[in-house]
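All remarks here apply to the structure that follows.
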Amino acid sequence: STHSVCEKMAAKTEYPNQTVVSHFFLEGLIYTAEHPSLFLLLFLLIYSITMMGNLLILITVGSDPQLSSPMYHFLGHLSFLDACLSTVTVPKVMAGLLTLDGKLISFEGCTVQLYCFHFLASTECFLYTVMAYDRYLAICQPLHYPVAMNRRMCAGLSGITWATGAMHSAIHTSLTFHLPYCGPHHIAYFFCDIPPVLKLACADTTINELVMLANIGIVAAGCLILIVLSYVFIVAAVLRMRTAEGRQRAFSTCTAHLTVVLLYYTPPVCIYLQPSSSGVGAGAPAVFYTIVTPMLNPFIYTLRNKEVKRALRRLLCLGCRESPAGSPPH
């Protein structure tokens, strides 16, 4: 009855740590239900390319001594983040395309997925800022660069990005799942994210939405402002260079970073600035930066960076050179 429902709602508000919902149902992406096998193959292909591309970048950066500069140190972190970010969402999407039970996710699993997603995504946001600062030092202060961006500084900045991302995600996850969830349990999305999960809460979510907008907005805007400022100084320094070769080399190392920054920042703005519009139909922007961008990043850095291309050739040709040496003479 209506009276019992009201009593239940009141009880849930009074005891927010109690949870009636034990699992959620991920409704998935729009249109995928019509051709599940086709989309399963598509996502499997995308995931395979993502993992192979980022793993190849990681191996190349880690094994080639000519890629020991800080820029490639941070590129290795980015590749690892992209591989993990894709792993948080894509396998669950594929499971949902295989069986109906694959769309189910436990309350604890949803909590872990939301935490991991925002941990990795926010860490990537901070890492892009650090990479822009690295390019600023390398181009605008080349004499000071080896001292300012030494190994200790690289390790410290990398550690700070990971720690800050973990703390940032912990705040959002605790605020989201501190609310009572007593039904319904259908998430109109393809993974557990803050806006669609908040819609299912049995309490007022105004404060959560304000905190989400303020926190994510301030962090994202702050990082973006720092990146833009870095590139204002970089462009000014590049234009003062006397040789065309120097300008071309400087721009080639920066255009890849700028491209991935644009790919990263544009979709989340559409999602988190309009939390009420999140739903099955609003999944397209999220698909782009959670599934497509991690696949594109290795190609962007490979195609736009001559040093990475040369290192990849050396790595891929290593086996070609070793096999004739080990084969018996004819």
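The backbone N, Cα and C atoms fix where each Cβ goes, and this holds for glycine too.
A TrEMBL annotation is a machine prediction, not a hand-curated record.
From a predicted model like this one, the values you see are computed outputs, not experimental measurements.
Annotated transmembrane segment per TrEMBL: 38-62 (among others), in sequence order.
The domain 'G-protein coupled receptors family 1 profile' annotation in TrEMBL covers 53-301.
The transmembrane segment annotation in TrEMBL covers 112-133 (among others).
For the transmembrane segment (154-171), the residues of the chain that approach it from at least six positions outside its boundaries are 70, 73-74, 77, 115-127, 130, 133, 215, 219, judged by C-beta separation under 8 angstroms. Here TrEMBL flags 154-171 (among others) as transmembrane segment.
Here TrEMBL flags 216-239 (among others) as transmembrane segment.
If you look up TrEMBL, you'll see 251-274 (among others) marked as transmembrane segment.
Sequence annotations record features per position, and here TrEMBL assigns transmembrane segment to 286-304 (among others).
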Sort out the residues at least 6 away from either end of the transmembrane segment (216-239), same chain, that have Cβ-Cβ distances under 8 Å to it, and list them.
122, 125-126, 128-129, 132-133, 135-136, 139-140, 168, 172, 247, 250-251, 254, 258, 261, 265, 268-269, 272-273
